[in-house]
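Peer 1: Can you read through this structure? Questions will come right after.
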Amino acid sequence: MVSQVYSDYSSFAANVTSFGDVYQQFNAVPTLNFVEKLWGSYYYYMNNDLFATGLLFFLVHEVFYFGRCLPWYVIDKIPYFQKYKIQPDKMPSDKEQWECLKSVLTSHFLVEAFPIWFFHPFCQKIGITFDVPFPKITTMLWQWALFFVLEDAWHYWFHRGLHHGPFYKYIHKQHHRYAAPFGLAAEYAHPVEVMLLGLGTVGIPVVFCMFTKNLHLFTVCIWIILRLFQAVDAHSGYEFPWSLHHFLPFWAGADHHDEHHHYFIGSYASSFRWWDAVLKTEAGPGPKAKREQVMKAKAERKQKKHQ
Ligand SMILES: [Zn+2]
Ligand SMILES: [Zn+2]
């Protein structure tokens with residue numbers, strides 16, 4: 001069996017076994033770019049599409065999650081950056097981070113490692129393609145943007161729901177163990193929460209593909225990496241003058257999510273500020289005072305009208 005990653009292997013030499021040899025064959029295909037050649041070689045070399053996708057997604061998750069957490073751990077150790085810490089009196093100790101790391105790793109192996117192996121047959125069933133060449137970059141760009149917007153809405157409502165009574169007590173409380181978050185704490189959560197909020201990240205592209213039949217596995221792979229970066233950075237605990245929300249005012253970032261951990265209520269969205277702004281659920285004393293001011297002004301206007 002040869003991987004279904006490429007439609008025409010007719011020009012390939014027989015008996016290619018090492019990864020280097022496989023890459024040489026793909027390298028000779030003039031229509032493929034560097035990443036497409038790597039992707040194609042990987043699937044051809046693995047010679048088992050189900051295993052190749054499972055391993056790829058598991059490794060992508062581990063490497064990019066912990067890879068993104070590491071710089072934040074280093075920044076915590078450098079005194080220069082302390083002035084940018086949102087809650088400077090609450091530095092996470094090494095012991096706290098170690099406990100968190102162990103829990104997140106356990107969750108990755110017990111909760112996520114198992115379903116990931118069913119991903120490939122599932123993708124094939126619903127029509128997510130994984131062949132080369134990839135779709136156009138413009139297609140990928142609008143799909144990533146759409147996933148960000150939809151995931152944010154999913155996250156807002158389910159996260160807000162998780163703050164109610166028994167849902168908070170039995171599920172979401174675990175994630176709120178750290179009132180001053182740090183990168184690694186992004187995925188520190190109850191397995192039910194990991195599944196529920198993870199469904200927003202994976203389920204949205206799946207449903208999108210069921211309707212449109214227009215989605216590539218590479219697009220999903222990069223989307224998951226972007227979403228991991230967003231989640232880790234939102235928990236970093238740092239607000240810089242160069243943070244993204246200064247340039248894109250509707251981007252949430254750490255500034256938004258740190259307030260959520262600090263005050264426990266409000267600021268429920270993941271990537272953007274619009275849901276909390278429109279539904280008046282922004283956390284912290286600043287937005288609360290602003291809301292009160294608006295309400296007061298409204299009441300005064302009403303009173304004047306009646307006088
Ligand atoms: Zn919460
Ligand atoms: Zn959080």
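Including glycine, each Cβ sits where the backbone N, Cα and C put it.
According to TrEMBL, the record shows the following:
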type	residues	note
COMPBIAS	289-300	compositional bias 'Basic and acidic residues'
DOMAIN	144-281	domain 'Fatty acid hydroxylase'
REGION	284-307	region 'Disordered'
TRANSMEM	50-75	transmembrane segment
Peer 1: Calculate the per-residue pLDDT averaged over the domain 'Fatty acid hydroxylase' (144-281) and state the result as an integer.
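Peer 2: Here the mean pLDDT over the domain 'Fatty acid hydroxylase' (144-281) amounts to 96.
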Peer 1: Using DSSP, how many residues of the compositional bias 'Basic and acidic residues' (289-300) fall into helix, strand and coil, respectively?
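Peer 2: Counting residues per DSSP class in the compositional bias 'Basic and acidic residues' (289-300), I get 12 helix, 0 strand, 0 coil.
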